[in-house]
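K.L.:
One structure follows; several queries about it will come next.
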């Protein structure tokens, strides 16, 4: 079978699996977040943390809960990392304060940018009780925020957005944990390791000694992908044979990282009582994903040069197509796991992965973040399109007035501001430029990739760029924190503003937000806004490199 | 049966029909100088005349109102300084064209304002200094300046005197020339009490003497407000305009960041850019087209309403008009002509049609009510000329006419030979027939019931030949006639997503039949002002925006409650106060135009915003390769327009960016054409024209400009 045929078949199987699963999963999530009953285990949790699951929160309370919960998470994780030497199971791992802070912020913000080496940087205790807990919790936070925004859009009375604690607990117990369990078993069956044995020392062919780490990898791997986290157990991430042994596990991992983001549009449609609205968002996300996949795959197949063709930096057991598929999907969601080195991609392919992130978690974005980011762009689109049909713009009958457009525009503004400002500073700050591996346009792409990855809470690295310096650790941590929580606060404020509005009835004069025309404009706005913002920077990085 | 069946319909809207008809016959209209489109020659003239104003508007305190243009203004200063410090053809070309960009934006605004200013000047000319004769408590009169009047003062106005201020007639009745406001030369009647008591300051009494109670402070009268409105002096940004400004500001910030981040990247890459180039790039990217035209669009939108003889008291109401989803329309005068007309003559079963036709004709000759006239018309059309002429000669032959009276509710004619014809309300005629020993045939009763059931008004026609008991000859079917074309207009409204509700005092049966005939979506029968209010609140509770028209004092609460309330100029001052728009033509169907204008305003903004953003793509392709082609020769592949040199590329993009503002001034003043098609079709069309068109146009425009610019000195 040729690479093209097998590549296309892989994509076809993936798309078919997603198409089948997103319907029941999306509907299930809608049920989870509208259910009036609580599971027994959930009630126990509520009693333990003294939360009244029956009460609902306005946006300010909801936002305070989100931020409070996350900041406490950062502080605890930071303390745990700094104290790992004196805690049990210490393996001699230690981290600088700035690296530790970067790591703590990274895992709480669902970024999983790793300034340290996965297998040796943290002790198994920190890995299990610290990082892994955040791997479960941080996607649940994203899910809660997305659901709060959807409630803002679909509710027509009251001013409450739901209860963050309830949304968090339900997202964990009813969505993330069960699927992660299934995913872990599937990966285990596929050959991913899962053990607690001590590191094995082996003699290599050349006669040297190598320490091979084991660990609870399969369980870690499942949530790493499912929660769009991306932080690898091993430094080589999903390129490591223990994490991702064969094309089948590769496909399962890609499926896991895409499944919740691609199911959430269905959840939105069901909660809105109009499934067509969900189809629109799904159509939007799918179009962007296919577009980016085409660009990256085409460049890797055609534009790669050098003695290895497109194979530089890729695993032989995967090949070009599955590597491009993984790269697109990991940058399309906020996962950031890698099964190949994006640095070694062709200029256009690497630039494609970079632009995929620059779109701002839309194709389809991280767990929860993807849906709310897409809805923000939907609001921008509705604003333009609504005016063009002669009405005050509205989405699901909620008017997009002064307050709504301000919050939306500011939320959309956060990521480009962080990326452009820190890349700009990075290019002239000797602290940063000395850390680049490459020179010229490729060096620029390295720095831009790092800040784009951080501000979008992606976490994938372009490699090459050595980010473990105090300046980069701290600025990247700032990008991750603001890139995550500034939009969250603005999105919740938007939801709070929308929820108080009465839904206006649909008439023939209302702009329908479920037509192909609208989806076309929706995609156009995302691509044009992203493109216009980053075109000059891309022109000096990947484009200059590709066209030289 | 309705007891007033042969009287004129009790609630008509005075002037509604005639106003529409006299639109062409009107004399020198002051408010509507008859311009529907502006030719480019006119525009060029306007641009030249507004140049001084445009220069005056370069004041940063003015420019600051539009954040986008303020950035251009700052950019112009920066490039000018740069051009002075380090002169080059290129720097000066960019500086000059950046200033031109700001100037063009100012001109657009000045042209839009200029139209209003001309109208304001005309209005001001009519507002002469007047004196008033104030009636004191003891009944004596004193002469005071109109500006010294206070609310509640009583003033006496005689023929050929100007009414000193807005108020209500409390005594007397007069004909008033209101052409100063409405442009309508035919005088109108103003009388105390009722719905025609309001008079406007600045209008002239033509006959009779009236006493007016002043209801508005001097300086806040209708004319004063009109002047302020058309001048744009009281113009405030409307909610949607503010929202759009915010979006444009955020876009500007994004591009500011993109350009600012570019310099360190350029330094790293080894080719720092001059401030002139960076400013040029920034100005080309920020949405200057819509930023420059936004305020002109708003002013022109209000102006378009004025051209339709509607005064909006706030821009907010104009925007809301675009969002209206329910129209409440009074049946009388809006949907129907306002009086019933004869549509059918039904002979008593067994009798010929000729008898009832002749009898109806004769008995109605003396009936001067509109209903009577319509019977004569209908009967005349059914008679041949000789017999009609014969009947017309009856008065000379000694016939006497019995005029209609409210007591008998019949009219008729008594011929010299003793024959008596009577026509009137069916029950009155029945009483007359029976009183004289006649019979009401059951066939006639069936017809009468049939007409009443269908919502019409049945009149009976009877004759009494000398010495015989009267016989009923037949029945006349009177009905409310729906104005032609209403069905189509309502269908159009439906496709715009607007529900129409007919409001009428008729019984539900009549209302239903007229509603069906006119094609309205719903009706409110036997409506009291309270019912109307309840309906509005109900619709609003469902999230709908309501528009309605009204003229009476009892309409005032509903006008105030509705989102778009249009008062007829003929209405009471209470109605005008409560409404947020006043229609000077007093034409209730104007609501439909108002909705279209509101939509057009929003569409124009949306279309030009889309156009403005879509333009950026081509500008990138012009400027980015120009900036870095020396460093990365490969980037020349992006120069798909094949522009001559980096300098000419940048200058051409800047020139295009400035000229497109001028090119779009007519569109922003006229507004994008609104078609009453479904929203999807409308969206597709506008995306095609302003989205794809916006992507394509600058590729062509910049290339054409470059062909010229590349020949200028210092450009290669």
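Every residue gets a Cβ built from N, Cα and C, even glycine.
If you look up TrEMBL, you'll see B:551, B:555 marked as Mg(2+) binding site. What TrEMBL lists as domain 'P-type ATPase A' is B:134-231. As annotated by TrEMBL, region 'Disordered' applies to B:1-28. Positions annotated as transmembrane segment by TrEMBL: B:63-83, B:89-108, B:242-263, B:275-299, B:620-643, B:649-667, B:687-709.
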K.L.:
Between B:551, B:555, which of the binding-site residues has the fewest other CB atoms within 10 angstroms in the structure shown?
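P.N.:
B:555, out of the binding-site residues B:551, B:555, has the fewest neighbouring Cβ atoms within 10 Å.
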K.L.:
Is the transmembrane segment (B:649-667) close to the transmembrane segment (B:89-108), in the sense of at least 3 CB pairs under 8 angstroms with a sequence gap of 6 or more?
P.N.:
yes
K.L.:
Treating G and I as helix alongside H, and B as strand alongside E, what does DSSP give for the domain 'P-type ATPase A' (B:134-231) in helix, strand and coil?
P.N.:
20 helix, 37 strand, 41 coil
K.L.:
Cβ pairs under 8 Å with the transmembrane segment (B:275-299): which stretch of B:63-83, B:242-263, B:687-709 has the most?
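P.N.:
It is B:63-83, which has the most Cβ pairs under 8 Å.
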K.L.:
Hey, which bits of the same chain come close to the transmembrane segment (B:687-709), Cβ under 8 Å, at least six residues off its ends?
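P.N.:
Counting only partners 6 or more residues beyond its ends, the transmembrane segment (B:687-709) has Cβ contacts under 8 Å with 607-608, 610-615, 617-619, 621-622, 640-644, 648-649, 651-653, 655-656, 659-660, 672, 715.
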K.L.:
Using a Cβ-Cβ cut-off of under 8 Å, list the residues of the same chain that are 6+ residues beyond the ends of the transmembrane segment (B:242-263) and lie near it.
P.N.:
66-68, 71, 272-273, 278, 281-282, 285-287, 290-291, 294, 605, 609, 613
K.L.:
Where does residue B:555 (Mg(2+) binding site) sit by DSSP, helix, strand or coil?
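P.N.:
DSSP assigns residue B:555 (Mg(2+) binding site) to helix.
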